[in-house]
Amino acid sequence: MSVDIPPIPPAQDSARQNVTLQIVSVVLFTFIGYLTIGIPLAVLPGYVHDDLGYGSVLAGLVISVQYLATLLARPYAGRVIDGLGPKRAVLYGMAGSAASGLFMLLSVAFQGWPALSLASLLVGRLVLGAAESLVGSAAIGWGIGRVGAPHTAKVISWNGIASYGAIALGAPLGVLLVQWLGLWSMGAAIVLLGLLGFALAWPKLPAPLVHGERLPFHHVLGRVTPHGMGLALGAIGFGTIATFITLYYASRGWAHAVLCLSAFGGCFIGARLLFANSINRLGGFRVAIVCLGIESLGLLLLWSAPNPWIGLAGAALTGFGFSLVFPAFGVEAVNLVPASNRGAALGAYSLFVDLSLGVTGPLVGFVANLFGFRSIFLFACLAALSGLALAVALHRRSRRPG
(Lines of atoms letter the chains of each structure in order from A; the text may use other names.)
(Lines give C-alpha, C1' and ligand atoms only; values in the text may rest on other atoms or scores of the structure.)
Protein backbone atom coordinates (compact mmCIF):
# COMPACT_ATOMS: atom_id res chain seq x y z
CA MET A 1 0.00 0.00 0.00
CA SER A 2 1.50 3.30 -1.03
CA VAL A 3 0.83 6.69 0.46
CA ASP A 4 0.84 9.75 -1.74
CA ILE A 5 2.65 12.69 -0.16
CA PRO A 6 1.09 15.94 -1.32
CA PRO A 7 3.56 18.33 -2.93
CA ILE A 8 4.10 21.87 -1.72
CA PRO A 9 1.28 23.94 -3.22
CA PRO A 10 2.60 25.92 -6.20
CA ALA A 11 0.96 29.06 -4.86
CA GLN A 12 2.98 28.87 -1.62
CA ASP A 13 6.24 28.21 -3.45
CA SER A 14 5.51 31.06 -5.85
CA ALA A 15 4.72 33.39 -2.95
CA ARG A 16 8.08 32.61 -1.29
CA GLN A 17 9.93 33.26 -4.55
CA ASN A 18 8.01 36.51 -5.04
CA VAL A 19 8.99 37.73 -1.56
CA THR A 20 12.66 36.94 -2.22
CA LEU A 21 12.60 38.66 -5.61
CA GLN A 22 11.03 41.78 -4.12
CA ILE A 23 13.67 41.88 -1.41
CA VAL A 24 16.55 41.34 -3.86
CA SER A 25 15.24 44.06 -6.19
CA VAL A 26 15.58 46.57 -3.33
CA VAL A 27 18.78 45.40 -1.63
CA LEU A 28 20.41 45.74 -5.04
CA PHE A 29 20.91 49.38 -4.05
CA THR A 30 22.76 48.30 -0.92
CA PHE A 31 24.99 46.17 -3.15
CA ILE A 32 25.77 49.14 -5.40
CA GLY A 33 26.34 51.44 -2.42
CA TYR A 34 28.69 49.03 -0.67
CA LEU A 35 30.54 48.30 -3.88
CA THR A 36 31.60 51.96 -3.79
CA ILE A 37 32.86 51.28 -0.25
CA GLY A 38 34.61 48.01 -1.09
CA ILE A 39 36.52 49.21 -4.17
CA PRO A 40 38.97 51.47 -2.27
CA LEU A 41 39.05 49.37 0.92
CA ALA A 42 42.20 47.33 0.24
CA VAL A 43 44.01 50.17 -1.54
CA LEU A 44 43.57 53.29 0.60
CA PRO A 45 45.51 52.21 3.73
CA GLY A 46 48.57 51.41 1.62
CA TYR A 47 48.13 54.59 -0.43
CA VAL A 48 48.06 56.78 2.68
CA HIS A 49 50.82 54.84 4.47
CA ASP A 50 53.23 54.19 1.59
CA ASP A 51 52.50 56.74 -1.18
CA LEU A 52 51.57 59.76 0.93
CA GLY A 53 53.96 58.81 3.75
CA TYR A 54 51.63 58.98 6.76
CA GLY A 55 51.60 56.60 9.76
CA SER A 56 49.36 53.66 10.58
CA VAL A 57 46.99 55.75 12.73
CA LEU A 58 46.17 58.07 9.81
CA ALA A 59 45.98 55.09 7.47
CA GLY A 60 43.34 53.63 9.77
CA LEU A 61 41.58 56.98 10.17
CA VAL A 62 41.04 57.29 6.41
CA ILE A 63 38.96 54.11 6.54
CA SER A 64 37.28 54.84 9.87
CA VAL A 65 36.27 58.44 9.14
CA GLN A 66 33.68 57.10 6.71
CA TYR A 67 32.02 55.15 9.51
CA LEU A 68 32.14 58.16 11.82
CA ALA A 69 30.33 60.21 9.17
CA THR A 70 27.72 57.46 8.87
CA LEU A 71 27.35 57.52 12.65
CA LEU A 72 26.72 61.28 12.75
CA ALA A 73 24.29 61.13 9.81
CA ARG A 74 22.11 58.32 11.25
CA PRO A 75 19.53 60.59 13.00
CA TYR A 76 19.05 62.60 9.79
CA ALA A 77 18.83 59.39 7.74
CA GLY A 78 16.16 57.99 10.06
CA ARG A 79 14.06 61.16 9.68
CA VAL A 80 14.37 61.05 5.89
CA ILE A 81 13.38 57.36 5.74
CA ASP A 82 10.37 57.72 8.07
CA GLY A 83 9.29 61.16 6.81
CA LEU A 84 10.03 61.15 3.07
CA GLY A 85 10.22 57.42 2.40
CA PRO A 86 13.02 54.93 1.75
CA LYS A 87 13.09 55.58 -2.01
CA ARG A 88 13.94 59.26 -1.53
CA ALA A 89 16.68 58.28 0.93
CA VAL A 90 18.19 55.83 -1.59
CA LEU A 91 18.23 58.54 -4.28
CA TYR A 92 20.00 60.98 -1.95
CA GLY A 93 22.49 58.28 -0.97
CA MET A 94 23.35 57.36 -4.55
CA ALA A 95 23.95 61.02 -5.40
CA GLY A 96 26.28 61.24 -2.40
CA SER A 97 28.20 58.14 -3.48
CA ALA A 98 28.81 59.67 -6.90
CA ALA A 99 30.01 62.90 -5.28
CA SER A 100 32.48 60.97 -3.08
CA GLY A 101 34.05 59.53 -6.22
CA LEU A 102 34.74 63.04 -7.48
CA PHE A 103 36.69 63.84 -4.29
CA MET A 104 38.71 60.66 -4.75
CA LEU A 105 39.61 61.81 -8.24
CA LEU A 106 40.75 65.13 -6.73
CA SER A 107 42.89 63.25 -4.21
CA VAL A 108 44.69 61.44 -7.01
CA ALA A 109 45.17 64.71 -8.90
CA PHE A 110 46.80 66.24 -5.78
CA GLN A 111 49.07 63.24 -5.12
CA GLY A 112 52.14 65.45 -5.42
CA TRP A 113 50.87 67.49 -2.44
CA PRO A 114 50.30 64.88 0.30
CA ALA A 115 48.40 67.15 2.71
CA LEU A 116 46.01 68.32 -0.01
CA SER A 117 45.57 64.79 -1.31
CA LEU A 118 44.79 63.51 2.18
CA ALA A 119 42.31 66.35 2.80
CA SER A 120 40.45 65.60 -0.45
CA LEU A 121 40.39 61.93 0.42
CA LEU A 122 39.00 62.60 3.90
CA VAL A 123 36.23 64.85 2.54
CA GLY A 124 35.28 62.16 0.04
CA ARG A 125 35.18 59.55 2.79
CA LEU A 126 32.92 61.81 4.88
CA VAL A 127 30.51 62.24 1.96
CA LEU A 128 30.54 58.49 1.30
CA GLY A 129 29.81 57.80 4.96
CA ALA A 130 26.78 60.09 4.94
CA ALA A 131 25.56 58.41 1.76
CA GLU A 132 25.94 54.97 3.35
CA SER A 133 23.74 56.01 6.29
CA LEU A 134 20.92 56.65 3.84
CA VAL A 135 21.26 53.70 1.47
CA GLY A 136 21.78 50.84 3.94
CA SER A 137 18.89 51.58 6.31
CA ALA A 138 16.60 52.80 3.52
CA ALA A 139 16.97 49.55 1.59
CA ILE A 140 15.94 47.59 4.70
CA GLY A 141 12.97 49.89 5.28
CA TRP A 142 12.00 49.72 1.62
CA GLY A 143 12.18 45.93 1.66
CA ILE A 144 10.11 45.59 4.85
CA GLY A 145 7.58 48.03 3.41
CA ARG A 146 7.28 45.88 0.29
CA VAL A 147 7.02 42.41 1.88
CA GLY A 148 5.77 43.09 5.43
CA ALA A 149 7.16 43.05 8.97
CA PRO A 150 7.04 39.21 9.37
CA HIS A 151 9.90 39.06 6.84
CA THR A 152 12.12 41.52 8.75
CA ALA A 153 14.87 38.95 9.47
CA LYS A 154 14.91 37.89 5.83
CA VAL A 155 15.19 41.49 4.61
CA ILE A 156 18.03 42.25 7.04
CA SER A 157 19.82 39.04 6.06
CA TRP A 158 19.61 39.73 2.33
CA ASN A 159 20.70 43.31 2.92
CA GLY A 160 23.77 41.98 4.71
CA ILE A 161 24.49 39.57 1.87
CA ALA A 162 24.36 42.51 -0.51
CA SER A 163 26.62 44.71 1.63
CA TYR A 164 29.35 42.23 2.51
CA GLY A 165 29.14 40.54 -0.88
CA ALA A 166 29.82 43.93 -2.43
CA ILE A 167 32.80 44.45 -0.11
CA ALA A 168 34.14 40.97 -0.90
CA LEU A 169 33.85 41.69 -4.63
CA GLY A 170 34.86 45.33 -4.44
CA ALA A 171 38.14 44.88 -2.55
CA PRO A 172 39.89 42.71 -5.19
CA LEU A 173 38.20 44.71 -7.95
CA GLY A 174 39.75 47.89 -6.57
CA VAL A 175 43.20 46.28 -6.49
CA LEU A 176 42.81 45.13 -10.11
CA LEU A 177 41.60 48.56 -11.25
CA VAL A 178 44.64 50.24 -9.70
CA GLN A 179 47.01 47.67 -11.19
CA TRP A 180 45.51 47.94 -14.67
CA LEU A 181 44.51 51.59 -14.93
CA GLY A 182 45.90 53.51 -11.95
CA LEU A 183 44.43 55.13 -8.83
CA TRP A 184 42.14 57.45 -10.78
CA SER A 185 40.07 54.47 -11.96
CA MET A 186 38.70 53.90 -8.44
CA GLY A 187 37.21 57.37 -8.28
CA ALA A 188 35.78 57.06 -11.78
CA ALA A 189 34.21 53.68 -10.95
CA ILE A 190 32.57 55.08 -7.81
CA VAL A 191 31.08 58.01 -9.75
CA LEU A 192 29.64 55.65 -12.38
CA LEU A 193 28.22 53.26 -9.77
CA GLY A 194 26.50 56.11 -7.92
CA LEU A 195 24.90 57.35 -11.13
CA LEU A 196 23.83 53.80 -12.05
CA GLY A 197 22.16 53.30 -8.67
CA PHE A 198 20.33 56.61 -8.99
CA ALA A 199 19.08 55.71 -12.47
CA LEU A 200 17.83 52.28 -11.32
CA ALA A 201 16.06 53.64 -8.21
CA TRP A 202 14.31 56.54 -9.95
CA PRO A 203 11.54 54.55 -11.75
CA LYS A 204 10.84 52.05 -8.92
CA LEU A 205 7.59 52.20 -6.93
CA PRO A 206 8.10 53.58 -3.40
CA ALA A 207 7.03 51.73 -0.27
CA PRO A 208 3.96 53.21 1.45
CA LEU A 209 4.71 55.54 4.35
CA VAL A 210 3.71 54.20 7.77
CA HIS A 211 1.74 56.81 9.72
CA GLY A 212 1.80 57.01 13.49
CA GLU A 213 3.58 58.58 16.44
CA ARG A 214 7.19 59.55 15.73
CA LEU A 215 9.27 58.95 18.83
CA PRO A 216 12.21 61.31 19.47
CA PHE A 217 15.42 59.77 18.18
CA HIS A 218 17.02 59.70 21.63
CA HIS A 219 14.07 57.66 22.94
CA VAL A 220 14.51 55.12 20.16
CA LEU A 221 18.27 55.11 20.74
CA GLY A 222 17.77 54.36 24.42
CA ARG A 223 15.60 51.33 23.65
CA VAL A 224 18.05 49.71 21.22
CA THR A 225 21.32 50.61 22.99
CA PRO A 226 21.95 47.21 24.68
CA HIS A 227 21.47 45.39 21.37
CA GLY A 228 23.61 47.95 19.57
CA MET A 229 26.44 47.49 22.07
CA GLY A 230 26.50 43.76 21.32
CA LEU A 231 26.67 44.54 17.61
CA ALA A 232 29.43 47.11 18.15
CA LEU A 233 31.62 44.66 20.06
CA GLY A 234 31.18 42.04 17.34
CA ALA A 235 31.94 44.53 14.56
CA ILE A 236 35.42 45.31 15.90
CA GLY A 237 36.67 42.05 14.35
CA PHE A 238 35.38 43.03 10.92
CA GLY A 239 36.79 46.55 11.25
CA THR A 240 40.19 45.20 12.25
CA ILE A 241 40.34 42.87 9.25
CA ALA A 242 39.00 45.45 6.80
CA THR A 243 41.39 48.19 7.90
CA PHE A 244 44.61 46.41 8.81
CA ILE A 245 44.77 43.02 7.11
CA THR A 246 46.93 44.37 4.27
CA LEU A 247 49.40 45.99 6.68
CA TYR A 248 49.37 42.90 8.94
CA TYR A 249 50.21 40.59 6.05
CA ALA A 250 52.92 42.97 4.86
CA SER A 251 54.45 43.06 8.37
CA ARG A 252 54.68 39.23 8.30
CA GLY A 253 56.10 39.20 4.75
CA TRP A 254 52.99 37.46 3.40
CA ALA A 255 51.25 38.06 0.07
CA HIS A 256 47.61 38.01 -1.09
CA ALA A 257 46.10 39.83 1.89
CA VAL A 258 43.13 40.84 -0.25
CA LEU A 259 42.04 37.19 -0.29
CA CYS A 260 41.22 37.55 3.42
CA LEU A 261 38.59 40.17 2.60
CA SER A 262 37.13 37.90 -0.06
CA ALA A 263 37.17 34.88 2.29
CA PHE A 264 35.50 36.93 5.01
CA GLY A 265 32.81 38.13 2.60
CA GLY A 266 32.29 34.74 0.97
CA CYS A 267 31.79 32.92 4.28
CA PHE A 268 29.64 35.78 5.54
CA ILE A 269 27.32 35.36 2.54
CA GLY A 270 27.33 31.56 2.80
CA ALA A 271 26.27 31.66 6.45
CA ARG A 272 23.53 34.19 5.70
CA LEU A 273 22.13 31.99 2.92
CA LEU A 274 22.31 28.77 4.94
CA PHE A 275 21.19 29.95 8.36
CA ALA A 276 19.09 33.12 7.92
CA ASN A 277 15.91 31.32 9.03
CA SER A 278 17.58 30.22 12.27
CA ILE A 279 16.76 33.59 13.85
CA ASN A 280 13.01 33.03 13.49
CA ARG A 281 13.36 29.46 14.80
CA LEU A 282 15.79 29.95 17.69
CA GLY A 283 15.52 33.64 18.53
CA GLY A 284 17.98 36.45 17.94
CA PHE A 285 19.91 36.19 21.20
CA ARG A 286 20.67 32.46 20.88
CA VAL A 287 21.97 32.99 17.33
CA ALA A 288 24.10 35.96 18.44
CA ILE A 289 25.71 33.87 21.21
CA VAL A 290 26.74 31.09 18.80
CA CYS A 291 27.92 33.50 16.11
CA LEU A 292 30.07 35.61 18.43
CA GLY A 293 31.69 32.41 19.72
CA ILE A 294 32.62 31.38 16.18
CA GLU A 295 33.91 34.88 15.39
CA SER A 296 36.13 34.76 18.48
CA LEU A 297 37.70 31.51 17.29
CA GLY A 298 38.41 33.03 13.87
CA LEU A 299 40.14 36.04 15.42
CA LEU A 300 42.22 33.74 17.63
CA LEU A 301 43.34 31.91 14.48
CA LEU A 302 44.44 35.20 12.91
CA TRP A 303 46.36 36.12 16.06
CA SER A 304 48.17 32.78 16.25
CA ALA A 305 48.55 32.14 12.49
CA PRO A 306 52.00 30.72 11.58
CA ASN A 307 51.41 31.21 7.84
CA PRO A 308 49.08 33.17 5.51
CA TRP A 309 46.81 30.19 4.86
CA ILE A 310 45.94 29.80 8.54
CA GLY A 311 45.34 33.55 8.55
CA LEU A 312 43.00 33.12 5.59
CA ALA A 313 41.11 30.40 7.46
CA GLY A 314 40.82 32.72 10.45
CA ALA A 315 39.37 35.50 8.29
CA ALA A 316 36.89 33.04 6.77
CA LEU A 317 35.79 31.79 10.21
CA THR A 318 35.44 35.37 11.44
CA GLY A 319 33.20 36.21 8.49
CA PHE A 320 31.10 33.11 9.09
CA GLY A 321 30.69 34.03 12.75
CA PHE A 322 29.94 37.72 12.23
CA SER A 323 27.40 36.97 9.49
CA LEU A 324 24.26 36.78 11.64
CA VAL A 325 25.27 39.12 14.47
CA PHE A 326 23.61 42.15 12.83
CA PRO A 327 20.22 40.53 12.06
CA ALA A 328 20.21 38.52 15.31
CA PHE A 329 20.46 41.58 17.54
CA GLY A 330 18.58 43.68 14.95
CA VAL A 331 15.35 41.67 14.95
CA GLU A 332 15.19 41.92 18.74
CA ALA A 333 15.90 45.67 18.59
CA VAL A 334 13.35 46.59 15.88
CA ASN A 335 10.62 44.75 17.79
CA LEU A 336 11.00 47.26 20.62
CA VAL A 337 9.46 50.20 18.69
CA PRO A 338 6.21 50.83 16.73
CA ALA A 339 6.27 50.30 12.95
CA SER A 340 6.08 54.06 12.35
CA ASN A 341 9.54 54.38 13.92
CA ARG A 342 11.15 51.50 12.04
CA GLY A 343 13.53 53.75 10.09
CA ALA A 344 14.66 55.51 13.26
CA ALA A 345 15.15 52.16 15.01
CA LEU A 346 17.24 50.79 12.14
CA GLY A 347 19.25 54.00 12.05
CA ALA A 348 19.79 54.03 15.82
CA TYR A 349 20.75 50.36 15.86
CA SER A 350 23.07 50.67 12.86
CA LEU A 351 24.67 53.66 14.55
CA PHE A 352 26.53 51.26 16.83
CA VAL A 353 28.27 49.44 14.01
CA ASP A 354 29.27 52.85 12.60
CA LEU A 355 30.63 53.87 16.01
CA SER A 356 32.50 50.60 16.32
CA LEU A 357 34.05 50.77 12.86
CA GLY A 358 34.79 54.48 13.26
CA VAL A 359 36.69 53.94 16.51
CA THR A 360 38.35 50.69 15.40
CA GLY A 361 40.74 52.30 12.90
CA PRO A 362 42.60 54.72 15.19
CA LEU A 363 42.16 52.57 18.33
CA VAL A 364 43.49 49.39 16.73
CA GLY A 365 46.20 51.44 15.02
CA PHE A 366 47.25 52.62 18.48
CA VAL A 367 47.30 49.02 19.73
CA ALA A 368 49.42 48.04 16.71
CA ASN A 369 51.91 50.83 17.44
CA LEU A 370 52.28 49.63 21.04
CA PHE A 371 52.28 45.85 20.63
CA GLY A 372 52.63 45.11 16.89
CA PHE A 373 50.10 44.19 14.23
CA ARG A 374 49.64 40.64 15.48
CA SER A 375 48.18 41.85 18.79
CA ILE A 376 45.22 43.59 17.15
CA PHE A 377 43.43 40.30 16.50
CA LEU A 378 43.70 39.26 20.15
CA PHE A 379 42.21 42.65 21.05
CA ALA A 380 39.35 42.08 18.58
CA CYS A 381 38.80 38.57 19.98
CA LEU A 382 38.38 39.94 23.51
CA ALA A 383 35.84 42.44 22.17
CA ALA A 384 33.83 39.66 20.49
CA LEU A 385 33.85 37.64 23.72
CA SER A 386 32.52 40.70 25.56
CA GLY A 387 29.70 40.90 23.01
CA LEU A 388 28.96 37.23 23.62
CA ALA A 389 28.68 37.87 27.37
CA LEU A 390 26.28 40.76 26.70
CA ALA A 391 24.13 38.55 24.44
CA VAL A 392 23.90 35.96 27.23
CA ALA A 393 22.79 38.67 29.68
CA LEU A 394 20.16 40.05 27.27
CA HIS A 395 18.84 36.56 26.59
CA ARG A 396 18.45 35.86 30.30
CA ARG A 397 16.70 39.21 30.82
CA SER A 398 14.27 38.54 27.95
CA ARG A 399 13.19 35.25 29.56
CA ARG A 400 12.26 36.83 32.87
CA PRO A 401 8.50 37.18 33.37
CA GLY A 402 7.15 40.75 33.18
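From the backbone N, Cα and C atoms, a Cβ is placed for every residue, glycine too.
Annotated features in Swiss-Prot:
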- 23-43: transmembrane segment (TRANSMEM)
- 52-72: transmembrane segment (TRANSMEM)
- 90-110: transmembrane segment (TRANSMEM)
- 121-141: transmembrane segment (TRANSMEM)
- 158-178: transmembrane segment (TRANSMEM)
- 180-200: transmembrane segment (TRANSMEM)
- 228-248: transmembrane segment (TRANSMEM)
- 255-275: transmembrane segment (TRANSMEM)
- 282-302: transmembrane segment (TRANSMEM)
- 309-329: transmembrane segment (TRANSMEM)
- 351-371: transmembrane segment (TRANSMEM)
- 375-395: transmembrane segment (TRANSMEM)
By a Cβ-Cβ criterion of under 8 Å, what residues six or more beyond either terminus of the transmembrane segment (52-72) are in contact with it?
-> 37, 41, 44-46, 111, 114, 117-118, 121-122, 125-130, 132-133, 239, 242-244, 247, 350-351, 353-362, 364-366, 368-369
Cβ-Cβ under 8 Å with the transmembrane segment (255-275): same-chain residues at least 6 beyond its ends = 38, 41-42, 157-158, 160-161, 164-165, 167-169, 171-172, 175, 238, 241-242, 245-246, 248-249, 287, 308, 311-313, 315-324
In terms of Cβ proximity under 8 Å, which residues at least six beyond the ends of the transmembrane segment (228-248) contact it?
-> 41-42, 45-46, 49, 56, 59-60, 63-64, 67, 167, 257-258, 260-261, 264, 288, 291-292, 295, 298-299, 302, 311, 315, 318-319, 321-322, 325-326, 329-330, 333, 348-349, 351-353, 355-357, 360-361, 364-365, 368, 373-374, 376-377, 379-381, 383-384, 386-387, 390-391, 394
Report the listed stretch (23-43, 90-110, 309-329, 351-371) having the maximum count of Cβ pairs within less than 8 Å of the transmembrane segment (158-178).
-> 23-43
Counting only pairs 6 or more apart in sequence, are there at least 3 Cβ pairs under 8 Å between the transmembrane segment (23-43) and the transmembrane segment (180-200)?
-> yes
Which listed range (180-200, 282-302, 309-329, 375-395) shows the maximal number of Cβ pairs under 8 Å with respect to the transmembrane segment (121-141)?
-> 180-200
In terms of Cβ proximity under 8 Å, which residues at least six beyond the ends of the transmembrane segment (309-329) contact it?
-> 153, 156-157, 160, 164, 227-228, 230-231, 234-235, 237-238, 241, 245, 248-249, 254, 259-261, 263-272, 275-276, 278-279, 284-285, 287-288, 291-303, 349, 353, 377, 384, 387, 391
